[in-house]
Amino acid sequence: MASFRCLSCSIALCSLIISFVFVPLASAQLSPTFYNTSCPNALSIIRTAVRAAVARDRRMGASLLRLHFHDCFVQAKHKRTIRINQRRINGRCVARSQGCDASLLLDDTSTFTGEKTANPNNNSLRGFEVIDAIKSKLESACKQVVSCADIVAVAARDSVVAVLLICYGENISQLGGPTWTVELGRRDSTTASLSSANTDIPGPTADLRTLISSFSGKGLSVSDMAALSGNSPSQPFLTPPYIQFWSSIRSSKLHVIIPAGAHTIGQARCFLFRARIYNDTNIDPSFASSLRPNCSSSGGDNELSPLDSTTPTEFDNDYYANLVRERGLLHSDQQLFMNGGGSVESQVSSYATNSAKFFSDFASAMVKMGSISPLTGSSGEIRINCRKIN
């Protein structure tokens, strides 16, 4: 039987976190061939739409990737889901399931406020219209078969490949990726959680201790955090290092590095890094000076700068090389490399000089993250419209 234990995710927050014992069982219900019979053209429909969207707007690749991160990271209560054991923390505990369930896509209703207006998402997340267009095509081909949660997961993979194809063309195969096999069979949630979206995603000023604590509280891994961070999506408004906090789904140890890979592409607003370029000491002075004209000490909050100043629109390992040179844009980014030694810095150094290692670890972490406690079987539903429950 699957078991669960309650963990404290943040101050004054009591959440039920799926135990490490359960995750492999949930993941085992997914399969890369899930739609082979029921909707054989599903993957090609998604791939074609994603490549067209990224060709029109290269930032869309990062945006679609970010949707998957923000969807998987937030915990949401479900009306129709598996039964779970509860344990009381500080006198109370709320039973919740966590995972990739497309709760992020739901618009507000009279019975709940969705996650789109949460602080990490409001005026920041984009790409919803791409998901809508894909869902419409899939409904025409296979009515109410492919879940919105699976569309988001596959689109995240295809967006990375699309960006690489634009940057490198057919040479992508020589780079070794990253690409990965997406496990399929997720179902969609019937509700969302604004409060969880506001509390479950750490902010851009977090230090390494806080980052590790965030991972630990959710069963997330330190290595995976570092790898995923280097590929953070480019956003027009807000692109903090939220992706640095993802689950390895392995209970043996924490991995901090994979989400960091999510910052190899993307942009951040001035107000997110102002304190770093004016106050931090662990920053290359010339780098800080180059950013100040576009981010004054007051005003201009929405001015954008790339998270990876070397190759801002390419999916590569320069983000990590920048950290080694103290050229991380966000305070929390630079926390991964503070010239103090340790396993996290060793991993950053490895990625900085070995893109194949970064690609491989990133792909592996994405598979793990995509398998975080999915709704399967009869839990949840297959939405007809990704923005509302049936």
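Every residue gets a Cβ built from N, Cα and C, even glycine.
A sphere of 10 angstroms centred on the C-beta of HIS70 (active site, proton acceptor) encloses 25 other C-beta atoms. Per TrEMBL, the feature active site, proton acceptor maps to HIS70.
Per TrEMBL, Ca(2+) 1 binding site is recorded for ASP71, VAL74, GLY99, ASP101, SER103, GLU115. The Cβ of VAL74 (Ca(2+) 1 binding site) has 28 neighbouring Cβ atoms from other residues within 10 Å, across all protein chains displayed.
TrEMBL lists PRO202 with the feature substrate binding site.
Annotated heme b binding site per TrEMBL: HIS263, in sequence order.
Residues or ranges marked as Ca(2+) 2 binding site by TrEMBL: THR264, ASP308, THR311, ASP316.
Annotated disulfide bond per TrEMBL: CYS39-CYS142 (among others), in sequence order. Counting every protein chain shown, the Cβ of CYS142 (disulfide bond) has 16 other Cβ atoms within 10 Å.
Positions annotated as disulfide bond by TrEMBL: CYS72-CYS100 (among others). Neighbours of CYS72 (disulfide bond), defined as other CB atoms within 10 A of its CB across all chains, total 27.
According to TrEMBL, the feature disulfide bond maps to CYS148-CYS386 (among others).
Cβ neighbours within 10 Å of CYS270 (disulfide bond), excluding its own Cβ and spanning all shown chains: 19. Positions annotated as disulfide bond by TrEMBL: CYS270-CYS295 (among others).
Taken from TrEMBL, the feature domain 'Plant heme peroxidase family profile' applies to 29-390.
Look at TrEMBL and you will find 1-28 tagged as signal peptide.
What TrEMBL records for ARG66 is site 'Transition state stabilizer'. Of all Cβ atoms in the protein chains displayed, 30 besides its own lie within 10 Å of the Cβ of ARG66 (site 'Transition state stabilizer').
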Q) Looking only at ASP71, ASP101, GLU115, ASP308, ASP316, the binding-site residues on record, which one has the least crowded Cβ, with the fewest other Cβ atoms within 10 Å? A) ASP316
Q) Given the recorded positions HIS70, CYS72, CYS148, which one's Cα is the least distant from that of GLY99 (Ca(2+) 1 binding site)? A) CYS72
Q: Please determine which of the disulfide-bonded residues listed here (CYS100, CYS148, CYS295) has the lowest count of neighbouring CB atoms within 10 Å.
A: CYS295
**Q.** ASP316 (Ca(2+) 2 binding site) versus recorded positions CYS39, CYS72, GLU115 - nearest by Cα
**A.** CYS72
**Q.** CYS386 (disulfide bond) to SER103 (Ca(2+) 1 binding site) - Cα separation in whole Å
**A.** 9
